[in-house]
Amino acid sequence: MASKSFLSLLVALFVAICFVLSPGVDAAKGPVITNKVYFDIEHGGKPLGRIVMGLYGKTVPKTAENFRALATGKNSDGEDLGYGYEGSSFHRIIKNFMIQGGDFTKGDGTGGKSIYGSKFPDENFKLKHTGPGVLSMANAGRDTNGSQFFICTVKTAWLDNRHVVFGHVLEGMDVVYAMENVKTSRGDKPVEPITIAASGELPIEHEVDEQGNQVPFRIEL
């Protein structure tokens with residue numbers, strides 16, 4: 001009887017150690033942010049502020065790279081794309097829902113393109129629309145991702161498994177909320193244009209653990 005109790009204790013201890021050492025424990029704190037990009041926003045030609053976004057390149061590498069490249073105007077080799085988000089506008093604003101942009105070809109929500117061609121498939125739906133600041137791909141149905149995206153201003157759970165979440169706002173939610181509250185006209189279009197005056201990539205400053213190893217940059221969702 002005593003031996004069985006001792007064996008059960010050993011098994012429980014082993015499971016506990018495995019749980020602590022498991023990478024899934026860190027994953028519970030949130031997905032790894034691999035890149036940081038920014039938009040400098042103007043409203044009616046006047047500076048509104050900067051939005052800094054973290055991209056989840058480990059979870060959705062293809063989608064994150066598409067956004068990073070379009071934000072910088074350069075591919076992974078540093079070569080100019082000749083197109084991207086800089087100079088484009090947010091064409092759709094819905095209060096208590098989201099702000100949408102990324103159509104740099106037509107500017108009205110009917111255009112845009114990805115770095116992989118016109119459209120690319122949904123990568124996965126592992127990440128959810130958990131609340132304000134979530135960065136997700138706009139689409140016209142299954143596997144129709146291009147360059148259009150939206151930033152949530154509330155939790156939008158009904159979009160889970162329909163739109164690919166690939167990032168989160170790290171700084172500048174005050175700018176997002178200011179954008180959310182501008183006056184709009186028919187079709188939810190801002191009366192005065194909201195434009196991305198400048199965009200690019202920022203370095204990630206990693207923390208270092210006691211062994212001198214870089215700690216993955218995450219945010220808790």
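Including glycine, each Cβ sits where the backbone N, Cα and C put it.
Taken from Swiss-Prot, the feature domain 'PPIase cyclophilin-type' covers 38-201.
The Cβ of N145 (N-linked glycosylation site) has 26 other Cβ atoms within 10 Å, all protein chains considered. Annotation note: N145 (N-linked glycosylation site) sits in a strand segment as assigned by DSSP. For N145, the entry in Swiss-Prot reads N-linked glycosylation site.
The motif 'Prevents secretion from ER' annotation in Swiss-Prot covers 218-221.
What Swiss-Prot lists as signal peptide is 1-27.
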